[in-house]
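Q: Just dropping this structure here.
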Amino acid sequence: MRAVRAETPARELFRDAAFPASDSSLFYNLSTPLAQFREDITWRRPQEICATPQLFPDNPWEGQVKQGLLGDCWFLCACAALQKSQHLLDQVFPPGQPGWSDQKYQGFFTCRIWQFGHWEEVTIDDRLPCLAGRLCFSRCQREDVFWLPLLEKAYAKVHGSYEHLWAGQVADALVDLTGSLAERWSLKDVTKASGQQDRPSGGEHRTCRQLLHLKDRCLISCSVLSPRAGARELGEFHAFIISDLQELRSQTGQGILLLRIHNPWGRRCWQGLWREGGEGWNQVEPAKESELLAQLQEGEFWVEEEEFLREFDEVTIGYPVTEAGHLQSLHTERVLCHTRTLPGAWVTGQSAGGCRNNSCFPCNPKFWLRLLEPSEVCVAVLQRPRRRLVGQTRALAGASPAPVNLPGKDYQAVGLHIWKVEKRKISLPRVLSAPPVAGTACHAYDREIHLRCELSPGYYLAVPSTFLKDVPGQFLLRVFSTGKISLSAVRLATKGASPGTALPAGEWETVQLQGCWRAGQTAGGSRNFASYPCNPCLPFSVPEGAGPRYIRITLQQHCRLSDSQLHPIGFHVFQVPADGENQDACSLLLQEPLLSCVPHRYAQEVSRLCLLSVGNYRIVPSTYLPDTEGTFTVTIATRIDRQSIHSQEMLGQLLQEVSFMAVMKA
């Protein structure tokens, strides 16, 4: 998305025609509870809302996020990451923009949003949705601070409307605001039935210890997907911010881990043991109780580790980004200073092979990854939304409230697997039949999936896939590494091929043989000449298996299409008799060929698709005239009719998006 050029007449404030102050910017199809406010929402500029508007406050807490009527807590939690890093905030909200008291102020601001591999500038006017003269969506703790509602408007413009921000994943917003990666860690044992987990297992406790280590380096969010009975005050499908973690000792010497939770609603909602005046504080010294309670700001509360693991469902952690723009590992703190990205696509009938349960898995897009040194590597597959988020047609005329069903929120279940290979010329079926060195646990309905691994130097084959075959989609493959890397797409050999030479659908194993025609030695010409047996005689065989095999034989001469030295070429295929293994080439070539690719043609490449039974064969490539010199490659592609790879690929659960809005529930 390109920034809108804010060229306005003197003394006239900018009005964004691409995202106007109207219902078309508020709603997509009136499918959310926002529809009930349709007649009451007005648009005002900050100087019409308060006397002295400012972008950022002197006190950082006064700029903290606070949720309004819009169910976009997932986005607001990600915005909190910007407050932990000034260089990230400057990246998203470029400094030096004229404010309301500046003579250069013209009524517009520019933000940057990371979209599918690029930072895109988004310019908006500063007219904001209001109810009764106050901001009705996001706001800061001090309502005369406007960086947050302006950024929210820019994000809504990217998505097409404010209503499109209703429900989402914190991880997606973190990526859009930082360009980094984000991980989602489940706090529940997925092998247990929902709602029946009374005490967390050891793995979840280790997660909390990891969070304690990460608290100063990253944004950490936590979500409630389905609150337990007795904890309904947390809401359902709601996201929170973990502001702090404190490890302390009880009066009896027992270790206690407390987590400080910030609710974007802006009010305290927790009635657990560690609420103000709760029984949990009896375990610590009164001075420590006073110290920790004094740290609480509006909308914050303390939760003990056991309560946290019982009441919350998952945490989301954003990878730290250095001032140089490099990601830092969540697991080792090492800087992933080498980055490579490449786009790709799953095309129905061509490269949408599905998961490894399908025999057409090898048809999926494939990428070469080369490591020059031992490295920690993160490889991610980011899906492009199925719709263009901007400039879409909105269904507002005569619309009535309906169940929330916003397009673009659903993504395909995708996975990623990586194989170590010895070199770039490989037998693809053989490689893919072996266990991968790294792979996702299952195909997940995430916008972006990724895996982290420690890899040794060498070549690797990375294959992203959807769970179902023939499902179209576009993606961006991103690789982050501590060591030097190279990334390239595996290209099919289609140079010079005509539409008729394309391989039929299926799995093919390819072998290439190279040779040359030399005058007086191996340039025997066509079968019209007695010197024909002097031509190169290339052996190949059709192995035993399930009957005859389809074979595509292609002869390519090594010269440019525009080269005046293009020779007429062709080839014949001879079958070796079962008892003729020791038969010399000369006597074999005096027999009639089994099949031919003639007449000889002035072409860079000629080919023939045939059905051959099990046995041994000889291919004889030739030019039409004897003593015509040149070099060539013969490619033999054999169709493999193999059974499905029994890899027992699993399908992840559908994502629960967080959106809960407290004001309307209250």
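Using N, Cα and C of the backbone, Cβ positions are placed for all residues, glycine too.
Reproduced below are the annotations present in Swiss-Prot:
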ACT_SITE  C73  active site
ACT_SITE  H238  active site
ACT_SITE  N263  active site
DOMAIN    13-321  domain 'Calpain catalytic'
REGION    322-488  region 'Domain III 1'
REGION    507-648  region 'Domain III 2'
Q: Between the Cα atoms of C73 (active site) and H238 (active site), find the distance and write it as a whole number of Å.
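A: Distance between the two Cα atoms comes out at 7 Å.
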Q: Rounded to a whole number, how many Å is the Cα of N263 (active site) away from the Cα of H238 (active site)?
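A: Computed Cα spacing between N263 (active site) and H238 (active site) is 9 Å.
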Q: Taking DSSP as the reference, which of helix, strand or coil describes H238 (active site)?
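A: Strand, per DSSP.
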Q: Take every residue in the domain 'Calpain catalytic' (13-321), average their pLDDT values, and give the whole-number result.
A: 89
Q: Would you mind checking how many other C-beta atoms are within 10 angstroms of the C-beta on H238 (active site)?
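A: Other Cβ atoms within 10 Å of H238 (active site): 25.
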